[in-house]
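Here the structure comes first, spelled out in structure tokens, and everything after it is commentary.
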Amino acid sequence: MENAWLIPLFPLVSFLFLLLFGKRLKEASAFVGILATLASLVYSILVLLERLESPTHKAEAVWLTIGNLELTAGFEVNQLNALMLVIVSLVSFLVHTYSKGYMHGDERFPVFYAYLGLFTFAMLGLVISPNLLQTYIFWELVGVGSFLLIGFYFYKESAKAAAKKAFIMTRIGDVGLLIGMILLFWQTGSFEYDEIFAAVEEGAISGTMITLTAILIFIGAVGKSGQFPLHTWLPDAMEGPTPVSALIHAATMVAAGVYLVASLFPLFNASETAMLTVAIIGAFTAIFAASIGLVQNDIKRVLAYSTVSQLGYMMLALGSAGYVAGVFHLMTHAFFKALLFLAAGSVIHAVHTQDIEKMGGLWKKLTFTGPLFLIGTLAISGVPLFSGFFSKDEILIAAWAHGNYGLFWLAVIAAFFTAFYMFRLFFMVFTGEARSEMKNVHESPSVMTLPMLVLAVLAVVAGYVNTPWFGAFLGDWLVEGNEALGHGHIAGPGWIMIVATAVSLLGILLAWMMYSKNSISRDWLSSRAPIAYGVVKNKYYIDEIYNQSVVFATKAISLFLRFIELFVVEGLVKLTTATVQALGKTGAKIQNGQVQTYGTIAFVGLAVLMVIYALTGGYL
Amino acid sequence: MSSVPVSAYLALALILFCIGLYGALTKKNTVIVLISIELMLNAVNINLVTFSKYGANPSITGQVFALFSIAVAAAEVAVGLAILISLYRNRRSVNIDEVNQLKN
Amino acid sequence: MTLTGEFFAFMSLALVAVIGGVLLLNLTKVVHMVVALVFTFVSIAGIYVLLSAEFLAVVQVMIYSGAITIMMLFGIMLTRHHGDEAEPKGGTLRRLFLLVGVLGFGAAVYFGIYDLDFEAVPNTLHENNTEQIGISLFSHYIIPFELTSVILLAALVGAIVLARRDDEKEGDQE
């Protein structure tokens, strides 16, 4: 555990190596990336196993000394960090492997692997940071990695725009994080998590200040985790290659926001208002994104909105003091959502379209991907015995136990939506008749299916580490030695589990009736409430609203500033350059090589000096 | 004691110096340029001799200095004319504005 | 300022010197210019006499009016001068510029010297002037004197080397 800092270094080495030699290695560069992440994975698992028995390890070195202030850099392996290390390196390893098949034949194959290495490095660095400053640095690096990967197909206009949008939208959140961080530093004089928590516990920070900083930091998390109202970049980010979507926009980076809130949980927990804000935003995002997901036709976009919605769940859990529930769902979600994305990638790989209206009847053709996708769908829908069931249950119980009854019912409805749209997706893609002509539909190579298989196993069994039946092992371990994080398992009324199961089964049933059996007309609802349908279909016009308000205002201001620049600044600049140029031209003309000219200039200079001296020297 | 003030001698030297300077910097003919320089040196010599007699500390030193200056001026003229001759052989001209090797 | 013989002598000598200088600037033929300057040199020798520097006056006449002028005339005769001192094209601006500079310089210096006056100190420069110079030169200034001879020798050698004909090889200059 002492050498846990090595874990992020493996992908970094892979990144640097591929940067230098990628062109020569061509597709062999995949092995470099896979080996590096495999090393990280093995080491992460070792660290996790060690961490199960030994206490938190923390090592720091002084980085900068400014006056009395010492900034440190180092790493910390606590329960959350160890868990995140395994999740990130596992998903990253599987995605590296999967990409070898998916990206086969791409011209910039080594570059892709280099970017993946960079991103993995940043993400692993993020989860072992012991202080806010280091977290922030890696937080931004993660953003860069995401930007590069979303814009990987940079020759596509939409990919370029999506990359920019993702970068700018998350940056809006980052500003909040930065301000919150600075405020915290101002109040406590330290970036260290431990010292901040100690200060909060002692009451060294006023209540309002805690609320303010917590909400500002939460804004950062909102940006990164695609919560309302900064969620619009995440669906657009699906322009990137599908393995990237699985790695970044499902399992790891978007979870960084949740991770941030979780690692600063004691700070949030100290402010009732901040907790409520987190819970409300989370619950609202959950149902809001789920409702959009109901009507989308792009397979990846449905999954993207589902991700947004699930992240909302996690926020709801954290905001309802359900620390364990949030982290638990983060873990299970990483597995089944990565699985879903990889399976979706496999489908796209086979049929070369993302429009589910054009798919159908793939169950028989994709004999391997189909069942795996079904497992993922069952897990996310919260069908009993799958991992999503347990974690979602924990969240619902946490919300109920915290007294957020309204939010609880919102979450239940969102769970119903989730089950419905996920099975709508499943039925439209895999059952019925093919709705368009599809040639060369073939199962993906084993290098792609094996990672999916691993994830599928995990999507089923990951839930059993924390169940109400066999003991809350994960929960007890997570909160061990830290009372501020709450209880390992929150007891709740037994009917919640029944309700949750009921709504998810209901959703599945409805989807089955509408899209498989066709006993209910597909446009039953859309024909009755066309306006509502249109609103949802257009994602509540959020993008349009942003375009009309924020973007428009920004453009107007920038136009105005452009005029100022054009006429005032550039005028000054032109004046300056013209003066200098004129001087230079005169100077060049004077340099004609004739001694007399030089002598004249020198003498006139002397004469001017003498005249000035005579005038000011006072001997007149 | 003297009916001619010091400033008169100095003013004469100044006028001659200015004439020499103007000539040295405007004339095209290299010979004239050299001669103008001689004129400037002469103006300086007048100053030296004037101060040797009417200065705050009259002494013979000023005159000795003027002698040295004349000797160096003679040497300068010799070298200057030699340069002029060799220049003329190369360029077939003594116009100073055709001499612009400083530029390239 | 009283009208004494010294004053008249100074005024006439100064006038001749300045006229010589002005002629130098305004004449068109090179030979005429040099001859005009001879007047200036001779008048300066007269000024030296007024300043009790008889030896220097003689040296001035011999070196400047004699040697240097003759050398200049040889220099002129050895080179061709056609279209002498035609107005250089495009140099008008420079001339104007220089004129202003020279006038400014002159004015500035003149303001420095016009009321300069030192307390008159009686001196004996006019008695045995040449002897005084000789004593000073060979006692006090013996080293500069010898160095001057070295300079003259170097100038001599340099002038010969520079003015030597091209058809001789340039490598063996020593």
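Even glycines carry a Cβ here, placed using N, Cα and C.
Per TrEMBL, these features apply:
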- A:6-22: transmembrane segment (TRANSMEM)
- A:29-49: transmembrane segment (TRANSMEM)
- A:63-113: domain 'NADH-Ubiquinone oxidoreductase (complex I) chain 5 N-terminal' (DOMAIN)
- A:80-99: transmembrane segment (TRANSMEM)
- A:111-130: transmembrane segment (TRANSMEM)
- A:129-418: domain 'NADH:quinone oxidoreductase/Mrp antiporter transmembrane' (DOMAIN)
- A:136-155: transmembrane segment (TRANSMEM)
- A:302-328: transmembrane segment (TRANSMEM)
- A:334-354: transmembrane segment (TRANSMEM)
- A:366-387: transmembrane segment (TRANSMEM)
- A:407-430: transmembrane segment (TRANSMEM)
- A:450-474: transmembrane segment (TRANSMEM)
- A:494-515: transmembrane segment (TRANSMEM)
- A:595-615: transmembrane segment (TRANSMEM)
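Non-local neighbours of the transmembrane segment (A:334-354) in the same chain are 87, 91, 94-95, 98, 101-102, 242-243, 245-247, 249-252, 255, 298-301, 303, 306-307, 310, 362, 365-366, 369, 372-373, 375-377, 379-380, 386-388, 429, 436, 438, 441-444, 448-449, 451-452, 455-456, 458-459, 462; each lies 6+ residues outside the stretch with a CB under 8 Å from one of its CB atoms. Between the transmembrane segment (A:6-22) and the listed ranges A:29-49, A:80-99, A:494-515, A:595-615, the one holding the most Cβ pairs under 8 Å is A:29-49. Across the range of the domain 'NADH-Ubiquinone oxidoreductase (complex I) chain 5 N-terminal' (A:63-113), the DSSP-based residue counts are 29 helix, 13 strand, 9 coil. The average pLDDT the prediction assigns to the domain 'NADH-Ubiquinone oxidoreductase (complex I) chain 5 N-terminal' (A:63-113) is 82.
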